[in-house]
Amino acid sequence: MANPRSPRYQFLCAFQFLLLLQTQVFCYQYKVGDLAAWGIPTSANPHVYTNWSKKYILKIGDSLLFLYPPSQDSVIQVTEQAFNTCNLKDPILYMDNGNSLFNITSVGPFYFTSGEPGHCQKSQKLKISLLSANGSAFPPSYGPSALSEISPSYPTVFGTIPSPSSSSLLQSLTAYLVAAIGVTIFTLIGGCI
């Protein structure tokens, strides 16, 4: 067991505390359609929602804000089949308050359309997907593919195996610890900082 009064132990505790302070989990709220409210796309911008979904990289913890006049529209979450056929029956989720917020709490594709008859056929629908569905705690720049770019490798019968240098291994380990601490904090407080 380490001695809490030793300089090495105190340095390690201070280092962990600094890592904890620098680790932040940011979650964003995105207004669907940006400046345009949730509504039937105009002839000037018929693909507003398709283009909007390609513009952002969403992650767990983010949320989507749908703004519309509550007496004139609504938002429903539907299955892929219902999205493709504009079937408004049996939605997964129904929102109609004009200020509808959808929190992204899991990975996978999500499908939304207007709950008003005829609006979906006029392209008032949105499909979003989360790109990183592998559950990795590594930030993208420290994933396994980043190791192969910065480290030498050697061939084997089974393919190339990265041979990380000690400094890149230390960087990867540090990044992993920072990510793990961030995920732990996020899980403990149940939200975003």
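Just so it is clear, glycine is given a Cβ too, placed from its N, Cα and C backbone atoms.
Taken straight from TrEMBL:
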- 1-27: signal peptide (SIGNAL)
- 28-132: domain 'Phytocyanin' (DOMAIN)
- 173-192: transmembrane segment (TRANSMEM)
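On the 0 to 100 pLDDT scale, the model's mean across the domain 'Phytocyanin' (28-132) is 94. The DSSP breakdown of the domain 'Phytocyanin' (28-132), given as helix, strand and coil counts, is 17 helix, 29 strand, 59 coil.
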